[in-house]
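Features of the protein shown, as given by TrEMBL:
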- 1-343: domain 'Aminoacyl-transfer RNA synthetases class-II family profile' (DOMAIN)
- 91, 92, 93, 122, 136, 140, 267, 271, 272: L-histidine binding site (BINDING)
Ligand SMILES: [Zn+2]
Ligand SMILES: [Zn+2]
């Protein structure tokens, strides 16, 4: 059929706006990223934690901050009973901290490291690269203020990108000060920006009173040229923030991680203190972040716990996979036909009668931890053989009427064409002896 004239059928139901389905063709990339993440997290002593996808709405208001874009307009908030408001988690740091406090984990050991992998939800304006359900994997190192710990988190992120073969990422870092020095800078910045109020975009004009720091990373050209001439927080950092920032930068150089100091880097969440960083990939255009993180020394006390310093990051999994696909496409190391795992054995049956025996054999093989598959479409011998070839299986097992009469099956080794006849019940053992690597 001519593809150009083929009419696309419109079905009744579609994935909700701002969501996508991750189809089987994409799972090789997703699993590689997840596995690289797990390996690096666990190598560095982080333990997995899974929190609910929804939380008490107040947790996010208290932690992320009332005057942030996320809390003001991007949360999926609803009530599940008359007196409670719940929100689909827009990020995973506050839920991890909530669990750390709720189970009093700090009582057994103050310093603990966690990692998570899972979906997050933000009601963003739908446009390219902005999903309403997106996935993050991230870490939280809770209970220490050592600047080397900030560097550890950055190094974990870079090793994940290296492990999946993502080339060309950049690390930007900045310090956004602490509760001592940030308010001073906020006042000065606000005064200076007010002088240029008319040049700011509408959103930034409203940010003047709510969240003046966000103006610094507005993508609007007018706002960009104004913030370019604004003072840098680096000139206003207190002594403690200055020495922290210096220690982070020196340690990054010592372990060979190049970075860009970006005085305008801020984060959209209120809870950050001192170090903030972003890892970007230029193939992604304007929204180029694949990882964002930093230190949040007041977050735990903000949500009612003791004063405990923490640092962590979240990797945007969709963005990372998109960047990886861009790199692979550029270097032509990528085919659209990325598939999941194929079975090693394909069972071919020739009639309804032999099919029953084939099915029993299929189950015996799978019970023996061998990856095997079978035809459910009642197709011809030839068509079944074609499928086996397409799947790239190592072995075909033929259950035909002649073999069945003798209680035998015929195994064909695809690579050599060699054929072996065996008793049905000997088949799993034969495969297990044959090739230990066939185990799924
Ligand atoms: Zn400070
Ligand atoms: Zn703006």
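Even glycines carry a Cβ here, placed using N, Cα and C.
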### Message
Rank the binding-site residues 93, 136 by how many other Cβ atoms lie within 10 Å of each Cβ and give me the one with the fewest.
### Response
136
### Query
What count of other C-beta atoms do you get within 10 angstroms of the C-beta of residue 91 (L-histidine binding site), across all chains shown?
21
## Note on the structure
Cβ neighbour count within 10 Å, max among the binding-site residues 267, 272, goes to 272
### Task
According to DSSP, folded down to helix, strand and coil, what is residue 267 (L-histidine binding site)?
coil
